[in-house]
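What TrEMBL records for CYS16-CYS164, CYS38-CYS42 is disulfide bond.
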Amino acid sequence: MGWTRPGLSSPLRPICDLRVLDHFIKEARDAEVAMKSCREGCSLSESVSVPQTTVDFDVWEKKNGLDQAHEVQSGLWLLQQALGLLRTSVTNTALHSHLDNSIRNLLSINAVLHSLNIQEYTPPASAAELEGTWRVSSATDLLQVHVNFLRGKVRLLLMDAQACQQDVS
C-alpha cells in the first residue's frame, strides 16, 4: 500500500534526482580547489584529450537523445582516461583521494546512464577518433573541464532523459 494520494504525480525516480549530480559537481570542484593549492607533485605528465564543454543550445536541442547520450558518454570516457593518467602522475598523496573520488563518480554517472536505458558506450581505439575534443596539458585545466562537463552536458542529458520525465496524465 503506497503513501501517495490519487491525483498527485509520483516523485522522480532516485536516479533522476539531480542532487546526486550536484554532489558529484561539488566533489569535482573540491578536487579542482585542492589542485590549485597544490605546490609540488601535482602535475600532469603529458597532455590529454578532453571533451568540449561549451554547449550551443540550438545545436544540442536539435540532436536526438541517442546522439546527446553518445556525446556525454564519450566525454565521460575521455575524462576517465585523463583523470586516470593524472592519478598515476600525481605524487601528492593528499590529491589521490580527490582523484579517486572523481573517477568513482564518473563510473557512477555511467551506471546512472545505464539505469536510464541509455545504450552502453563502446570507446574507440584511441581518443583521436573522437570529434569535439581538445587537449589540455595542466592538471588544473583538466579538473576545470571535468567540473564544466558535469555542469553542462551531463546535467542537460539527465534533465531531459525520457525515463526521468514525470507523467502528466
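Here, residue 1 is simply the first one shown, and the rest follow in order.
Placement of Cβ uses the backbone N, Cα and C atoms for every residue, glycine included.
Please treat TrEMBL annotations as automatic predictions, because they have not gone through curation.
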**Fill in**
Should one count Cβ atoms within 10 Å of each candidate's Cβ, the disulfide-bonded residues CYS42, CYS164 would be headed by CYS42
**Asked** Rounded to a whole number, how many Å is the Cα of CYS16 (disulfide bond) away from the Cα of CYS42 (disulfide bond)?
**Response** 35
**Message:** Around the C-beta of CYS38 (disulfide bond), how many further C-beta atoms are within 10 angstroms, looking at every protein chain?
**Reply:** 17
**Complete:** All chains considered, the count of other Cβ atoms within 10 Å of the Cβ of CYS16 (disulfide bond) is 19
**Message:** Whole-number answer please: how many Å between the C-alpha atoms of CYS42 (disulfide bond) and CYS164 (disulfide bond)?
**Reply:** 39
**Message:** For the C-alpha pair, I'd like the distance in angstrom between CYS164 (disulfide bond) and CYS38 (disulfide bond), rounded off.
**Reply:** 39
